[in-house]
Amino acid sequence: MKHAHNTTRARAIDPLPGFRFALVSTLLWVGLIVALPLTALVMRPWQEGIGAMTAALQDSRMFAALRVSFVSAFLAALIDVPLGVILAWTLVRARLPGRRVADALIDLPFAIPTAVTGITLATLYGPQGWLGAPLARLGISIAYTATGIVVALMFVGLPFIVRSVEPVLRDLPPDLEEAAGLLGARPWQIVTRVVLPALLPATVTGFGLAFARGIGEYGSVIFIAGNQPFRSEIAPLLIVVRLQEFDYPGATSIAFVLLVVSSLCLAGVAWLRRRVARGLITGAAA
Amino acid sequence: MSVRIETLVRRAPGPESKVLLDGVSLDVPDGGFVALVGPSGAGKTTLLRSVAGLDAPESGHVVIDGRAVEGLAPRERNVGFVFQNYALFRHMTVAKNIAFGLDVLPRGQRPSKADITARVAELLTLIQLPDLGQAYPERLSGGQRQRVALARALATRPGLLLLDEPFGALDPVVRRTVRAWIRALHDQLKLTTILVTHDQEEALDVADRVVVMQDGRIVQDADPQTLEEEPATPFVMEFLGESLRFEGQISSGQFVPNQAHVGAFDVQSLSDGPAVAMIRPHEVRLHAMREDGAAVRQIGVRYGLIRLSVNLGVRTVEILQPEPTASTFYDCGVQLDIQEARLFRDGKLARAAQEAETGQQHEMVSAI
């Protein structure tokens with residue numbers, strides 16, 4: 001009797017209607033789409049034996065490729081932050097003609113096949129390209145260098161920053177800026193002390209997304225990078241190279257390291273986001 | 001700090017260009033506490049924002065403390081402003097919020113770190129939240145946020161305090177407390193305060209002077225007692241509280257209501273013609289009628305007065321009566337005595353509220 005009473009009570013305070021259905025489908029999809037492939041990825045390197053794995057992990061070309069990937073992705077995401085915030089600011093605040101067109105253009109990097117992006121950028125920044133030729137005269141070469149990788153990753157990463165920041169900026173109450181002005185803040189003080197801190201959690205989220213995308217990006221990079229081992233070869237490309245050599249332990253060990261380091265980086269981004277979100281987002285760490 | 005507003009005009013942007021402020025003039029003396037009241041869209045918030053410099057009027061002048069402030073940015077006007085939703089900076093602690101106005105001062109004028117900390121502590125004590133300096137606004141209740149917003153506005157010692165619907169988001173009990181507290185603060189710090197509210201009761205409670213606005217104009221600007229006794233228009237009368245309206249005619253020195261069951265009364269010095277009588281529910285008196293009276297029914301109690309519903313045939317009115325008097329009418333019909341009413345003619349006050357002569361009630365009962 002008592003037991004029956006308890007179940008009805010539990011049902012009465014159920015916060016989510018259809019909780020069981022939601023839970024089962026969540027677990028099923030996360031399991032099938034995310035957890036299962038990742039598990040396979042974690043298991044596979046060890047199948048050839050510990051020896052093959054340790055041998056693969058001592059490959060200096062692999063570490064160079066991982067370094068190129070992470071450093072380029074980090075730099076590209078970092079440079080995208082001010083660009084993306086300014087772009088979002090313009091889209092939300094400035095009543096420019098053609099604003100809607102610009103707004104639609106922002107999402108294009110999501111839609112264009114990454115290979116097309118890569119070829120376009122390589123042509124543009126190549127020694128004979130519209131941008132490459134004048135830059136070459138100045139002694140700056142972008143295509144077929146590590147700089148080219150950063151340029152390609154900036155292109156694919158920019159929409160993440162803009163789209164993360166834009167809705168938050170749009171919802172920012174205008175009275176915050178008015179209040180700051182009435183309290184004596186100059187325009188730049190309003191921006192740096194009131195507006196940007198309010199946008200910071202969204203900016204960090206956008207940074208994390210752009211960074212993650214940059215680590216995994218393949219298509220757009222390989223056309224512009226030059227792909228010289230130890231200098232401008234990215235980790236995803238090295239995986240493909242290893243696969244073409246039928247070196248499965250080598251390919252999976254790179255993937256494994258990529259997975260572990262990416263997880264750590266994203267955990268770091270999540271931690272940073274919680275820190276900067278103090279007071280801004282309910283439930284954020286105080 | 002005195003404030004003088006001279007014929008401000010402000011139109012809403014857009015082709016329809018609704019007039020938000022239609023030549024508004026207002027004087028607030030140094031140390032005054034003025035409330036701007038009116039329905040939404042009356043222009044009271046626009047007026048307040050014009051004083052703060054957040055809204056640019058098309059023509060007219062704002063003079064603060066003898067200085068014309070046209071073209072001065074909000075930060076140069078030295079006014080404290082409290083927004084309806086408080087506009088606290090959520091990423092800063094309460095202490096940082098309060099210190100903001102001091103932190104952004106140019107280096108030469110900025111007090112030392114220790115002085116700022118001391119000032120914040122002083123303000124936290126003033127708003128009775130001494131231990132919440134390190135909390136984030138998110139953790140505070142509505143009333144606490146309101147007080148933090150006020151402390152933040154007062155940190156730079158402005159002489160003029162502007163409050164935009166500051167009590168709107170508070171529950172009624174907290175609201176009454178905060179209201180009394182703000183009035184005390186105003187007196188203690190010798191501030192000049194302009195309060196915008198749509199709650200007439202609040203305005204009458206807290207302000208020295210109440211400015212009633214309608215459609216971008218000031219309808220009446222007076223102290224609470226004058227507003228109650230001599231409302232300039234029927235709108236003011238209705239806006240300031242529950243009221244009953246009776247159409248009628250004045251003929252040979254008497255107001256004769258068109259409504260059945262309402263008694264005529266003497267009015268001196270008013271020419272014949274149509275007029276409107278308006279009265280508060282508690283000012284209506286009842287006379288027992290032996291025959292043909294209006295039926296009375298109790299429907300509730302308020303402020304210790306009995307709330308009665310009186311069926312006048314074509315309509316039913318609700319009035320308030322003290323308890324011992326009320327119970328005597330349940331068995332018999334009544335006639336309404338509205339001689340305390342204010343009379344309006346052509347939308348303007350024609351006769352102020354009258355103090356009824358005591359003892360008249362019984363006289364009339366016996367006369368009938």
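Glycine too: its Cβ is placed from the backbone N, Cα and C atoms.
So that you can see what the record holds, here are the features copied from TrEMBL:
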- A:66-270: domain 'ABC transmembrane type-1' (DOMAIN)
- A:21-43: transmembrane segment (TRANSMEM)
- A:63-92: transmembrane segment (TRANSMEM)
- A:104-126: transmembrane segment (TRANSMEM)
- A:138-162: transmembrane segment (TRANSMEM)
- A:194-212: transmembrane segment (TRANSMEM)
- A:251-272: transmembrane segment (TRANSMEM)
Q.
Do any residues, 6 or more residues outside the transmembrane segment (A:63-92), come within under 8 Å Cβ-to-Cβ of it, and if so which ones?
A. 99, 102-103, 106, 146, 149-154, 157-158, 160-162, 164-166, 169-170, 196, 199, 203, 206-207, 210-215, 217, 221, 229-238, 254, 257-258, 261, 265
Q | Long-range environment of the transmembrane segment (A:194-212) - Cβ separation under 8 angstroms, sequence gap at least 6 | A | 73-74, 76-78, 80-81, 84-85, 153, 156-158, 160-165, 167-169, 172, 176-177, 180, 185, 262, 265-266, 269-270, 272-273, 276-277, 280-281, 284
Q) Residues sitting near the transmembrane segment (A:138-162): Cβ under 8 Å, six or more positions beyond its termini, same chain? A) 68, 72-73, 75-77, 79-81, 83-85, 87-88, 91, 106-107, 109-110, 114, 117-118, 121-122, 125-127, 129, 131-132, 203, 206-207, 209-211, 213-214, 217, 220-221, 224-226, 231-232, 234
